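S.K.: Got a structure here, written out as C-alpha cells. Questions coming.
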C-alpha cells in the first residue's frame, strides 16, 4: 500500500488520509474476486478473476446512494479509481526473458506482428465508417482486441487523449473473451492442430497473458503453453511502436482539423484581428511535444524492466523472479478490473445502450477476423515453414 501511495504521490497526485480506506476497499474486492475465481467449478468454467472484479466493482458503484454523491463516487473511492495506473504496473512487471524468446522469436513475430496492425487499422476503419461508431471508441476497441486487451486499450487511450473512453471497451472484451478461452483449445484438438500451432493460435488471438495461459492449459500441453506465452510476449512488445504511430497520426489529424476550422471560419473582423496583433501569439506545440505528452510512459517502463531483467538478474534466478513479478502483476491487473467496474454506471450504460451494442458487435467482428488470420499465420509459421 505504501509503495502504491508513493507511486501516486510521485505522479503529482494529492493523496488524502482516506486513501488508506479506499485502497483497502478496492484490494478487498480484488481478493474476493480471486477467491471466487479459484473455486474448482468456477475455475473449470474459465470464469477468471477479471470477470468477478468487474462485477463486484460495478455492484459497489451502483449500490452507492446516487443522491448523496450526485450520481458519482465518494472521494475515498475516487482517489483509488486508477485504472490506467494499475494496468501500467501490471504491464511493467511483465518480465520478458530474451533467452526464452530466442528460438521462437522469428516465428512468433510472423504470427503476431503481421495481422495485428493490419487488422487493427481495418476494423477501426470499419467501425468508424460503416458502423458509425465514434472513432476513438472504435480505435480503442479494435486495438484492445488485436493486441493485448486492457494494456493496449490504455496505451491507445493515452495516444489519442481519450483515456476516459477505455473502460467500456475493456469491460466488453473481458466478458466476451471467455468463449474464446474455452472454445479454442477444443477446436484445436478437434482439428488435430499440433501443440505449437495451437499455442501460437491462442497466444495471438486471446486477449490477455493470463487468459492465453488458461487457454493453453485447457489444451493440455506444456509445449502449447510455452509457445502461447512467447507469442503473447512478442505481441505485447508491439504496444510501444503502435502507440507512437497512433499518437503521431492523431496529432497530425487534429492539426489538420484545426486548420480546416480556421479556414472555414468567416467571423474574423478587423477589431479582432487588430486586438490579436497587439498580443503575443501563443506558441504552437510541436508534434514531438504532443507525441511525448500523449505517449504512454509505462511502455518505457515495460522496456526498461525487460532490459534490466535480462542484464542484471542472474540466469538461475530469472525463473523465480519472473514468477514473483507475474503474481504481483496479476494482482494489479485484478485491481484494474475492480477499478473498471467502479467506472461502470448502470444508468449511463442504459442511456448508451446503442453504443454498448455497437461496440460489442465490433468486438465480435474483430475477434473473428483475429481468430481466422492468426490461425492461418500460426499454421504457416509452425507447420509449413
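Even glycines carry a Cβ here, placed using N, Cα and C.
Straight out of TrEMBL:
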TRANSMEM  18-38  transmembrane segment
TRANSMEM  85-102  transmembrane segment
TRANSMEM  108-128  transmembrane segment
TRANSMEM  135-156  transmembrane segment
TRANSMEM  168-188  transmembrane segment
TRANSMEM  200-221  transmembrane segment
TRANSMEM  233-251  transmembrane segment
TRANSMEM  298-319  transmembrane segment
TRANSMEM  331-349  transmembrane segment
TRANSMEM  361-382  transmembrane segment
S.K.: Of the listed stretches 85-102, 108-128, 361-382, which one has the most C-beta pairs under 8 A with the transmembrane segment (135-156)?
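M.R.: Result: 108-128.
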S.K.: Checking distant contacts: for the transmembrane segment (361-382), what same-chain residues at least six beyond its ends satisfy Cβ-Cβ under 8 A?
M.R.: 107-108, 110-111, 114-115, 119, 122-123, 126-127, 131, 133, 138, 141-142, 145-146, 169, 172-173, 176-177, 180, 184, 193-194, 196-198, 200-201, 204-205, 227
S.K.: Which residues, given as numbers and ranges, are at least 6 beyond the ends of the transmembrane segment (85-102) yet have a Cβ under 8 Å from it?
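M.R.: Same-chain contacts beyond the ends: 7-8, 11, 108, 150-151, 154, 209, 226, 230, 233-234, 236-237, 239, 296-299, 301-302, 305-306, 309-310, 315, 318, 321-322, 325-326, 328-330, 332-333, 335-336, 339.
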